[in-house]
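Residues or ranges marked as domain 'Major facilitator superfamily (MFS) profile' in TrEMBL: 8-456. What TrEMBL lists as transmembrane segment is 5-23, 58-76, 88-105, 117-137, 149-169, 181-199, 263-286, 306-323, 330-352, 358-378, 399-419, 431-449.
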Amino acid sequence: HDCRYYLTVIAVVLGGSAQFYSFNVVNPSERLIMDWINQTYYERDGIVMSVTKLKFCWSFVVSSIAVGAIVGALFTRVIAERYGRRNGLIINGVINVIGAMLELFAKPTQSPELLLFGRFILGVNMGLTSGLCPMYLMEITPAASRGVAGTLHQVAVAFSDWFSLLIGLPEVLGSNVMWPFAFAFPGLFALLLVLVLPFSPESPKYLMSTRKDRMAALDSCRTLVGKEAAQHMYDELLQEHMKEQDESKATFRELFTSPQLRAPLAAAAIVMLAQQFTGCAAVFAYSTDMFINAKLDEETARYATLAIGIVYFVFTCSAPLLIERVGRRPLLLFQLSSCFVALLVLTIFTSLKTYWEVSWASYGTIGALVVYMCVYGVGSPIPWMITGELFNQRFRSSAVTVSVFIVWFLTFLTSIAYLPLSQLVGVSFSYLPFLVGLFFSTIVILFVLPARPHSATSEYLSEIRERNS
């Protein structure tokens, strides 16, 4: 590869994939910013907000990023096709910088509304990132290395999750004075992306298939892999392009109305649904609050949250190897059933600490969440892979768009409902909806996906499509 290829990948991974940082950064700073919101509205109106109202308000701050991500996900296909993958990422980087500036000025202007709107803008960025980053990374990479390129996006997402928990600590940038800088931190990497990508090539696949400019596609290949390897990469792209020429352009209407696509679409949706029933959105956004409710002091709760974030990152790095050796379906079923057990144990330990004041139960809570992060991490990339494999090239982008929409819509519901629910029924019982949903969705998946253990073969993918036809 040419050095410009590696510089492009670094810029995209840091300025794009790692922007999932913004979802988790609220976790360690929850109590601090809730106090700031309460104080701000008291100075405006002279009224102190109740705990329930304050938590409901905080839920809106947390979930606003998911609302923005839904919007961004819906526009991914339009931006990618109209402006190109590279230019789409540059536009997305500018959106991120704007959102970061709003976060930075929220506290100086005493405006929780600015904080809320800034997170919405960053959410739009994350929704676009979900589709644009892996698409661009895989399309600028030769076929033999595309799997590795696709993995980089997932690894960067996992890295940003724990890194945001570190930056959000009071000892780093999560103090009463510095927290706006913690929230605006991703803007620096987005600015790097905006400055670097104009000098990077456009996706050769986009230039060939959408722009119908074969010479520009060849020039792009030369920039990415050098003159010697460019012709081979170009020939691969040309073969893919010729196969796609025989297929008419797919529509969302056809995706939902075609009888042959109903089963795979339902399978993809159920897998995404099951992933959200693991409670991942609640754990990533509110794990510090979970630890505090389990009677840990605030400092210990923040460090425990950082620890489980690091565990998640480490086990996500092992996912690509396990996926190819174990297979999609067995690993997915292991992940879902293990998350069920971990949440059940978490419920038991939280109840012991809350209702019977068993002192050692706090350590059980930490242990349960550590185990949860281990088993969730090893299976976290699977839903995205299965969605792509259930559909051919013609319908793949539409199906992925639907899957991304489902994920962010459910993330929004979880983010906005979890704190009020835990306030209403108690922390121990707040996990029950996840346990019930996870139990039934796992049973459904047991019958929806085929039983072949090794999923990387074309025979396995054919079996999936035949079974779901």
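Backbone N, Cα and C define each Cβ position, glycine as well.
Note: TrEMBL annotation is automatic and uncurated.
Put simply, of 5-23, 149-169, 306-323, 330-352, 431-449, the stretch with the most CB pairs closer than 8 A to the transmembrane segment (181-199) is 5-23.
Where the transmembrane segment (58-76) meets the stretches 88-105, 330-352, 399-419, the count of C-beta pairs under 8 angstroms peaks at 399-419.
Below 8 A, the CB atoms of the transmembrane segment (358-378) and the transmembrane segment (330-352) form 3+ pairs separated by six or more positions in the chain. Within its own chain, the transmembrane segment (263-286) has Cβ neighbours under 8 Å at 23-24, 26-27, 30, 62, 66, 161, 255-256, 308, 332, 335-336, 339, 343, 369, 372-373, 376, 380, 382-383, 386-387, 390-391, 399, 402-403, 406-407, 410-411, 414-415, 418-419, 431, 434, 437-438, 441-442, 444-445, 448-449, 464-465, 467-469, counting only residues six or more beyond its boundaries. If you take every residue in the domain 'Major facilitator superfamily (MFS) profile' (8-456) and average the pLDDT, you get 88.
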